[in-house]
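S.K.: Here it is: the structure, laid out below.
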Amino acid sequence: MNQFGPSALINLSNFSSIKPEPASTPPQGSMANSTAVVKIPGTPGAGGRLSPENNQVLTKKKLQDLVREVDPNEQLDEDVEEMLLQIADDFIESVVTAACQLARHRKSSTLEVKDVQLHLERQWNMWIPGFGSEEIRPYKKACTTEAHKQRMALIRKTTKK
């Protein structure tokens, strides 16, 4: 597999057991039910962008390498690169936020792979390579019995009259 394999863009091993760090004592009252603060390696700083030394998920160099792999003669404009990097950052942020909400819904203080996996499968129709979904099963339509078919035929026959 090439350098952009299953774990090149999103290293999900970082999400397997991230514990929330208490920011401070939560205030009493209406803010008591606020979302817990989770410290994730490589999250954006004050500027909102990840810096390369903070384990940025998608750097300009990686993006350029990916474009060259698709078409060696293609070159992206600076604005397009910035937009794609911003979209990638927004995607990561939305997935992590939703996964944190799922973990909170499970009444857990630990973000696990299954939280990220559930969100990606249900919202984005994406599967994480290497992680089975033994708990998440798609709904399978039950096969119809002969008795059911006869009842439905009788209903259709009576509604036509």
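Placed from the backbone N, Cα and C atoms, the Cβ positions cover glycine too.
From Swiss-Prot, for reference:
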REGION    15-55  region 'Disordered'
CROSSLNK  LYS19  SUMO2 cross-link
MOD_RES   THR43  phosphothreonine
DOMAIN    59-126  domain 'Histone-fold'
MOD_RES   THR59  phosphothreonine
S.K.: Restricting attention to the domain 'Histone-fold' (59-126), give the mean pLDDT.
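M.R.: 93, rounded to a whole number.
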S.K.: Please work out the number of neighbouring Cβ atoms within 10 Å of the Cβ of THR59 (phosphothreonine), leaving out its own Cβ.
M.R.: 15
S.K.: Using DSSP, what's the helix, strand and coil tally for the domain 'Histone-fold' (59-126)?
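M.R.: Within the domain 'Histone-fold' (59-126) the tally stands at 50 helix, 1 strand, 17 coil.
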